[in-house]
Amino acid sequence: MILANVFCFLFFLDETLRSLASPSSLQGPELHGWRPPVDCVRANELCAAESNCSSRYRTLRQCLAGRDRNTMLANKECQAALEVLQESPLYDCRCKRGMKKELQCLQIYWSIHLGLTEGEEFYEASPYEPVTSRLSDIFRLASIFSGTGADPAVSAKSNHCLDAAKACNLNDNCKKLRSSYISICNREISPTERCNRRKCHKALRQFFDRVPSEYTYRMLFCSCQDQACAERRRQTILPSCSYEDKEKPNCLDLRSVCRTDHLCRSRLADFHANCRASYQTLTSCPADNYQACLGSYAGMIGFDMTPNYVDSSPTGIVVSPWCSCRGSGNMEEECEKFLRDFTENPCLRNAIQAFGNGTDVNLSPKSPSFQVTQAPRVEKTPSLPDDLSDSTSLGTSVITTCTSVQEQGLKANNSKELSMCFTELTTNIIPGSKKVIKPNSGPCRARPSAALTAVSFLMLKLAL
C-alpha cells in the first residue's frame, strides 16, 4: 500500500516537472527581452496609441535635443523615459532598405538609439532588417553571362562589364534609370563646376534602389581580365562627378559628415554590420553571407561615403571612399582602421570575386524566427552575343565549389580561389543585440530528470 502511494506521488511529480520544463513555460519573463521586431513606422503608430509610451517618447526627443548622452541621463525624467521605451516596440524596431517611408523609419530608429550609445561609436548597429537570403540564383545568372562553365575560347573574348551594360539596356527600367544618372552626372554646370553632385548622387541612389540586383551587381562586380574591362567597371558610377573631388578629406571627418544624415549613417552602419571582416567564418564575412555584404556596399553609393575602385587593375580589387588619413593627429590609428575596412577587407574582396565568378557559399540559411525583408523577384534577361573583342585571351578563373571538392575527395581550405564547405554553428545570435541563445538552453530546462531521481530515492527510502 505504501509503495502504491509512493508511485502515485512520483507520477504526479513527473507530470508537474514536465509542464514546468515545456517551451510554453518560457514565454514569460525569460524571453520578454526578445520581441519580434516591427518596422519603426508601425512601432511609432503602436506607441502613439498608448498614452504612457507616447508621452515618454515625446519626453525622450526633448531630452536628446542639443544634449549629449551623459547630460541626458543625469536628468531623472529623461532616464525614466528611456527605460520605459526600452520595453516598447520602438526599441526593437527595424527598417527595410528602399521602403516607402524609409527616411521616416530611420529618423524614428535613431531618435531612440542615439540615446543608447555612449559617445561616438566606431561600429554602430544596423537599423535595417538582417538579410538572410542568398545570391545563388543571381550568381548562376552571372556565371552564364560571364562565361563560367562555357567554352573557354568564347569566355576569353568576353568583356563581362560590357555584357552587363548590354543586359541593362535590354531591361526598360534599368535602361531608363541608368540613362538618367549618366545624363545628370555628365551635365557640366560651369567651367569651374563640372556637375551637380547632389543631383548625381540622388540619381545613383534611385538606380541602385529601384533596379533589381541581377543588373546592378553585374555592372558593379563584373570580373575582368584586362585593364579596359576594369576601367569600364570603375566608370560605372561616373566617378568624376559622384566620387572624386579636388582634394581628399580626412576619413574621420567624412564619417562625421555622413553621420549627420540619417540615410548615410544607416547605410554606413549596415556596411559595417554585413562586411566587417570576421575571423570566425570561412569566408571572412558575417554569417558567410556574400549577398548581405554586396548589398550593403551598393547601398552606400550616392552618399558622401560613396566607395569605388581606386584604379583599373584587373587583378587586384581595392575599393575605398574618397578620403585619406592625412591630418588625423592622434586619431590616425582609428582613421587607418576605418579606411582598412574598405581597402583591405577580405570579406568584401571575397564577395566581389565570388560574384564575378558566379559562385556562392554552399550553405542553406536557417529559417528566421522573425519578420525579415523579402528579396525582390529577379527578372531574367536573354543571353547576350559572345562576339566581343576588347578582352585579352586570358582564361576566366573558376572557383571550385563545395560540391566539386567533396566529389573529388579533396580537403577544402580557405584560400581565395576555393569556395568553402562547412557546417552551421549551433549557437544563435539574436540580430541587433549581443545576446546569445544556445539550443536547448533555458532556466527551466535540463533539470527535471535530476530532480525526479532525487525525489524518487528519498521516497523509496521512507517507504522502506
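Residue 1 is the first one shown; counting continues down the chain.
Here the Cβ of each residue, glycine as well, is placed from N, Cα and C on the backbone.
What TrEMBL records for 381-392 is compositional bias 'Low complexity'. Among the features that TrEMBL reports, disulfide bond is placed at C47-C53, C161-C222, C168-C174, C185-C200, C195-C241, C224-C229, C251-C323, C258-C264, C275-C293, C285-C347, C325-C335. Positions annotated as domain 'GDNF/GAS1' by TrEMBL: 40-117, 161-241, 251-347. Feature annotation from TrEMBL assigns N-linked glycosylation site to N357, N413. Residues or ranges marked as region 'Disordered' by TrEMBL: 373-392. Under the heading signal peptide, TrEMBL lists 1-21.
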Top Cα neighbour of C251 (disulfide bond) in the set of recorded positions C222, C224, C264, C293, N357: C264
Under the DSSP assignment, what numbers of helix, strand and coil residues are found in the domain 'GDNF/GAS1' (251-347)? 52 helix, 7 strand, 38 coil
Quick one: of the disulfide-bonded residues C241, C285, C325, which has its CA closest to the CA of C222 (disulfide bond)? C285
If I take the Cα of C224 (disulfide bond) as reference, which of the disulfide-bonded residues C47, C174, C185, C258, C335 has the closest Cα? C174
Just counting, how many other CB atoms are there within 10 A of the CB of C47 (disulfide bond)? 21
Just to confirm my parser: what is the rounded mean pLDDT across the domain 'GDNF/GAS1' (251-347)? 94
Across all protein chains in the structure, which of the disulfide-bonded residues C195, C347 has the highest Cβ count within 10 Å? C347
Spatially, and counting Cα to Cα, which of the disulfide-bonded residues is closest to C53 (disulfide bond)? Options: C200, C285, C347. C285
C185 (disulfide bond), number of other Cβ atoms within 10 Å: 23
Out of C264, C275, C293, C335, which of these disulfide-bonded residues is nearest C168 (disulfide bond) by C-alpha distance? C293
Please report the number of other Cβ atoms within 10 Å of the Cβ of C174 (disulfide bond). 23
Quick one: Cα separation, C200 (disulfide bond) versus C335 (disulfide bond), in Å? 27
As a quick check of your reading of DSSP, tell me how many residues in the domain 'GDNF/GAS1' (40-117) are helical, how many are strand and how many are coil. 55 helix, 2 strand, 21 coil
Integer Å distance between the CA atoms belonging to C161 (disulfide bond) and C258 (disulfide bond): 30
